[in-house]
Amino acid sequence: MATKPKLHYPNGRGRMESVRWVLAAAGVEFDEEFLETKEQLQKLQDGNHLLFQQVPMVEIDGMKLVQTRSILHYIADKHHLFGKDLKERTLIDMYVEGTLDLLELLIMHPFLKPDDQQKEVANMAQKAIIRYFPVFEKVLRGHGQRFLVGNQLSLADIILLQTILALEEKIPNILSAFPHLQEYTVKISNIPTIKKFLEPGSKKKPPPDDIYVRTVYNIFMP
């Protein structure tokens, strides 16, 4: 039996959550080793397990992969979530890169000063509604298909759904002006592997709380 991938990261969303999403969508079971102390990170660094001294790190297929996008590409390619040809791969990559720019605002939000957090929610909403969501609404309206690229599930769909659902936690009506994205979100959420990941008891992490923020500061701050 093949060894399960092992994810090394604190017990929270951060940059590892996209990796969890893609593995889950692919139907791949995985283990996690949560970082809780600076000493655990130091041990990984001293053991030459982290190419650039940073996490996320995923042990998979005899490798220790780092750099979030590289990890996502490897898993997506392995599990046929990265298009059928170069053109599709490039489209998927463009969509993913754009969505990850938006997702990064969500990842960093809990580490802002309290006075700045509400302002940043407004900023995220504005960017989503003006810059990002119109792109995907136009794509879905234009080709009339269920998925963004190639009429099959891809990394682009997974990362977009992750980002939409995370935004809806803060701004429930964020999709009110985007009917195609509303329908798309429901359809992708009901793909069996994704539906299972969205159910209680899965390895999907909850929104970051004060405990997660303190843990991250304790591990990574000098």
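Glycine is no exception: its Cβ is also placed from the backbone N, Cα and C atoms.
Feature annotation from Swiss-Prot assigns glutathione binding site to Tyr9, Gln54, Val55, Gln67, Thr68. Note: Thr68 (glutathione binding site) has non-local neighbours Arg15, Met16, Ser18, Val19, Pro56, i.e. same-chain residues 6+ apart with C-beta under 8 A of its own C-beta. DSSP classifies Thr68 (glutathione binding site) as helix under the three-state reduction.
Per Swiss-Prot, the feature domain 'GST N-terminal' maps to 3-83. For the domain 'GST N-terminal' (3-83), the mean pLDDT of the prediction comes to 95.
The annotation domain 'GST C-terminal' is assigned in Swiss-Prot to 85-208.
Marked as N-acetylmethionine by Swiss-Prot: Met1.
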Next on the checklist: Same chain, not part of Tyr9, Gln54, Val55, Gln67, Thr68: whose C-beta falls within 8 angstroms of the C-beta centre of the glutathione site? Give them in sequence order.
Outcome noted: Arg15, Met16, Pro56, Met57, Val66, Ile71
Checklist entry - What same-chain residues, at least 6 away in sequence, bring their CB to under 8 Å of the CB of Tyr9 (glutathione binding site)? => result Arg15, Met16, Glu32, Phe34, Leu35, Val55, Pro56, Met57
Checklist entry - How many angstrom lie between the most widely spaced Cα atoms of the glutathione binders Tyr9, Gln54, Val55, Gln67, Thr68? => result 12
